[in-house]
Every structure is written in C-alpha cells, then in structure tokens.
Amino acid sequence: MQGFFITFEGVEGSGKSTQVGLLASNLREDGYDIVVTREPGGTRIGELIREITHSKDNVDLTAVSETYLMSSSRAQHVREIISPALKAGKIVICDRFIDSSLAYQGYGRELGEKAIEELNKLALDSIMPDLTFFLDVTPGVGFARRNHTDKIDRLDLQKEDFYNRVYTGYHEIAKKFKDRFYIVDSTKSINKVAEIIWEKIISKIKK
Ligand code: TMP
C-alpha cells in the first residue's frame, strides 16, 4: 500500500488527542505500520519552536512571526518525518497541520487564507493530507470540556472572538477542501466519534 496521510483538526478541547490515540491503537492492532506526530512539533527543532509558540512569556509574539514559526516547524516536520514515512508506505497520523495555520493565522489572526497558503508553499513541499478529520465542537463547548488540570499555554489565552473566527474559518476551509475534509460531530461520546472515524478510515485504506 502507498503511504496515507491523516490529519486531525479542531479547536481547543475538541478531543483530537484522544481520537488520535484511539485511532493509532486500532490501526496498530490491525497490523498497520503507522507514525503518530503533531504540530507544532514532531521533530527536535519543531519541539523547540513549540516552546516558543506556547510559552506564556511570549505574549509579544506578533501574528506574522507566529505564522513563520508554525511554517518552520512544518518545513522541518515534512522533510524529517512525514515525507520519509509516506515514501516508506506508512500511515501518518498528525495532530494539526496546514489547516491549523489557515484557521488560526488566516482567520483567527486575520492574515487571510491566501497569505498563509503562499507562505506555506515551500514548507509543504507538495505534501497535503489525504484525509482530514475536523472534530466539530464550538469553542464554548471545547473550553468548557477542558480539564482543570490541563496546562494553560499562550494560545489558550486569546479572546473569545479569536476562537470564534478560528471556528468559522475551519468551516470555510472544510467547504473549500471537501474532497479530503470529513466533519465529525465531536459532541458525541468518545466511543461514537472513534467508531465514525474508524468506519471512514477503513473505507479509505481498504479499497
Ligand atoms: P495543541 O497541540 O494543544 O492543539 O496546541 C497547538 C496550538 O497551536 C493551538 O492553539 C493551535 C495552534 N496552532 C496554530 O496557531 N497554527 C498552526 O499552524 C498549528 C499547527 C497550531
């Protein structure tokens, strides 16, 4: 089988990391060779970038700098992890990718989709997800769900209208990339969401 690239997207508290974990263990149990990774991060340099983008000390980080940092992390990630794994026929599952930049920087920070697409061209090296799960919960529901023990980072400290723009942005992006986007109502139970994701995955990879 050719490699297959799956990404998960959604606002804070949408259940991405839980669903990435469940999907990864189901695929492993079925004997698939998989790589699980995340953005920003996924490589040594990417994780260093994540420290900058997430540190509460960096409230002075500008929207444009934030955009470049996210795409630098991606450039490193694509070349070091994602492309080699796909070339080796593996399934790559990534918690956030280009659509996070389109939603958070393009819509949330209002830099516009076009600028984000342009800026990420070189970083992406023509790699795009084969399938993207958008775990749909509104920012209100997402934040209410979060555990009181969850670590609060710089990106959790944005104003409500920022997250509302991100959420609207995701729906716009999903409309634009209908062929690869799959919207899942993530207000459903963890098991139900996992089941919906599993059915979709099986229909794609067992063709
Ligand atoms: P998370 O790993 O806990 O989801 O945190 C990642 C944060 O980084 C989240 O607030 C979304 C943000 N982000 C962007 O703003 N742009 C990006 O391109 C990526 C990958 C993440």
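Cβ atoms here come from the backbone N, Cα and C positions, even for glycine.
The annotation domain 'Thymidylate kinase-like' is assigned in TrEMBL to 8-195. Confidence for the domain 'Thymidylate kinase-like' (8-195), expressed as mean pLDDT, is 95.
In the three-state DSSP scheme, Glu12 (ATP binding site) falls into the coil class. The ATP binding site annotation in TrEMBL covers Gly10, Val11, Glu12, Gly13, Ser14, Gly15, Lys16, Ser17.
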Quick one: what's DSSP say for Ser17 (ATP binding site), helix, strand or coil? helix
Quick one: among the binding-site residues Gly10, Gly13, which has the most Cβ atoms sitting within 10 Å of its own Cβ? Gly10
